[in-house]
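**Q** Input: one structure, supplied below.
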């Protein structure tokens, strides 16, 4: 494969990034709309929170299901299924009449969302040359942050005028854009070649092959364990910080809603910078050194941030915190693409990342418990420990795969 990125590579990347951006946009607008939905449908706080929980549960299930299907039937084909599933059931959310039908619609929409990350990462990795593979993964990862930023900017402007039902309809728009972009794509060459070679497989065992390849031998099992640790820390730290910090800044430091929103925007911009930098760095110095550098940066920035008390400094420092805590999101796509063969690549991306997402869901609970028992500063400082564990996993479990030819 040439080192030059062709037009197909760019189309595959943009189609993947828009889909992942839809994921971030959808989850954040749901958070913004919870109070309005709860008031309109007379939901309890527990019922309102469960709409988010079941969206994530659906995403985990969808990630595993569609990852395996895309390794068998194709990246582009299955991404079409996921986007249609999301669009239909997000549209149905706009006409929900009560808690139970809305919960069902959100869960099924979440199943559609779950396939976006892993399949999109696999598609971009297979469409881009090895020399630029980490950059491609980081650009797809940036899609999530662009979606989050778009939701943070649009929801306060539109929600008062069109209501939560209208916002669900707005949430379908990125899905149509992603569908249009993908409708002009064919399957990656490496996938079609591998599919032809495996076309004679039809037994039940062969259909489970993509899962078996994640633990096919000791070396691969070791990598899979390491990636689960990395993605768990990634999601645990992200949700632990992003769910609680705005609340802390508002209640303890008197940040207004506008200033809390500004902190979110500054922090997300830092995350975007970190993801971009990680992709550039990983293609230059390697995946493993880049992870270790950002993990060390996360430890230092978390410890320093936990000691800050000046509101203005905390506002600006959020960018550096976000850069190191979330910048590593730009590396998982390339790492997993290089660690697993074509017939298991999307399965690996979705299964391993969604296991991490499931573990990360406990982040807000753990941080909240420590806040109640001690203080917010203590809770944030303790998060540094998980990044030390992250470093150990990288050192002992993750090999350097920079430039590896995909098989």
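Every residue gets a Cβ built from N, Cα and C, even glycine.
Found this in Swiss-Prot, in case it helps:
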- 1-16: topological domain 'Cytoplasmic' (TOPO_DOM)
- 17-37: transmembrane segment (TRANSMEM)
- 38-48: topological domain 'Periplasmic' (TOPO_DOM)
- 49-69: transmembrane segment (TRANSMEM)
- 70-77: topological domain 'Cytoplasmic' (TOPO_DOM)
- 78-98: transmembrane segment (TRANSMEM)
- 99-107: topological domain 'Periplasmic' (TOPO_DOM)
- 108-128: transmembrane segment (TRANSMEM)
- 129-138: topological domain 'Cytoplasmic' (TOPO_DOM)
- 139-159: transmembrane segment (TRANSMEM)
- 161-181: transmembrane segment (TRANSMEM)
- 182-224: topological domain 'Cytoplasmic' (TOPO_DOM)
- 225-245: transmembrane segment (TRANSMEM)
- 246-261: topological domain 'Periplasmic' (TOPO_DOM)
- 262-282: transmembrane segment (TRANSMEM)
- 283-288: topological domain 'Cytoplasmic' (TOPO_DOM)
- 289-309: transmembrane segment (TRANSMEM)
- 313-333: transmembrane segment (TRANSMEM)
- 334-357: topological domain 'Cytoplasmic' (TOPO_DOM)
- 358-378: transmembrane segment (TRANSMEM)
- 379-399: transmembrane segment (TRANSMEM)
- 400-407: topological domain 'Cytoplasmic' (TOPO_DOM)
**Q** Across the topological domain 'Periplasmic' (38-48), what does the pLDDT come to on average, as a whole number?
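**A** Average per-residue pLDDT within the topological domain 'Periplasmic' (38-48): 89.
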**Q** Can we call the transmembrane segment (379-399) and the transmembrane segment (108-128) in contact, meaning three or more C-beta pairs below 8 angstroms at a sequence separation of 6+?
**A** no
**Q** Which stretch, 49-69, 78-98, 139-159, 289-309, tops the Cβ pairs under 8 Å count with the transmembrane segment (108-128)?
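**A** Per the Cβ under 8 Å count, 49-69.
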**Q** So which of 139-159, 161-181, 358-378 has the most C-beta pairs under 8 Å when paired with the transmembrane segment (78-98)?
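**A** Stretch with maximum Cβ contacts: 161-181.
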**Q** Sequence-remote contacts (6 or more beyond its ends) of the transmembrane segment (289-309), Cβ cut-off under 8 Å?
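**A** The answer is 134, 230, 237, 274, 278, 281-282, 317-318, 320-321, 323-325, 327-328, 331, 377-378, 380-381, 383-384, 387-388, 390-391, 394-395, 398.
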**Q** With a Cβ cut-off under 8 Å, give me the same-chain residues at least six positions beyond the ends of the topological domain 'Cytoplasmic' (129-138) that come close to it.
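**A** Hits for the topological domain 'Cytoplasmic' (129-138): 1-5, 9, 13, 121, 275-276, 278-280, 282-283, 287, 290, 329-334, 337-338, 402-406.
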**Q** Report, as numbers and ranges, which residues of the same chain sit near the transmembrane segment (313-333): CB under 8 Å and 6 or more residues beyond its ends.
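**A** For the transmembrane segment (313-333), the far contacts come to 121-122, 124-125, 134, 136-138, 140-142, 144-145, 227, 230-231, 234, 237-238, 241, 245, 249, 253, 259, 262-263, 266-271, 273-279, 282, 287, 290-291, 294-295, 297-298, 300-302, 304-305, 349, 353.
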**Q** Top stretch among 225-245, 262-282, 358-378 for CB pairs under 8 A with the transmembrane segment (139-159)?
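**A** If we count Cβ pairs closer than 8 Å to the transmembrane segment (139-159), 262-282 scores highest.
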**Q** So if I exclude everything within five residues of the ends of the topological domain 'Cytoplasmic' (1-16), which remaining residues of that chain have a CB under 8 angstroms from its CBs? That is, six or more out.
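**A** For the topological domain 'Cytoplasmic' (1-16), the list is 79, 116, 119-121, 123-124, 126-132, 136, 139-140, 143, 178, 181-182, 184-186, 188.
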**Q** Quick check: do the transmembrane segment (358-378) and the transmembrane segment (225-245) share at least 3 Cβ pairs under 8 Å, counting only pairs 6+ apart in sequence?
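**A** Counting Cβ pairs under 8 Å, at least 3, so yes.
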**Q** Of the residues in the topological domain 'Periplasmic' (99-107), how many are helix, strand and coil by DSSP?
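**A** Split by secondary structure, the topological domain 'Periplasmic' (99-107) comes out as 9 helix, 0 strand, 0 coil.
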**Q** Using DSSP, what's the helix, strand and coil tally for the topological domain 'Cytoplasmic' (400-407)?
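**A** DSSP composition of the topological domain 'Cytoplasmic' (400-407): 0 helix, 0 strand, 8 coil.
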**Q** Just to be sure I understand, if DSSP states are collapsed into helix, strand and coil, how many residues of the topological domain 'Cytoplasmic' (70-77) fall in each?
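**A** Breakdown, helix to coil: 7 helix, 0 strand, 1 coil.
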**Q** Please give the sequence-distant neighbours of the topological domain 'Cytoplasmic' (283-288): residues at least 6 beyond its ends with Cβ less than 8 Å from one of its Cβ atoms.
**A** 131-135, 331, 334-335, 338, 394, 398-402
**Q** Is the topological domain 'Cytoplasmic' (70-77) packed against any residues at least 6 beyond its ends, judged by a Cβ distance under 8 Å, and which are they?
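**A** Here the qualifying positions are 115, 118-119, 122-123, 126, 182, 185-188, 191, 195, 207, 210, 342-347.
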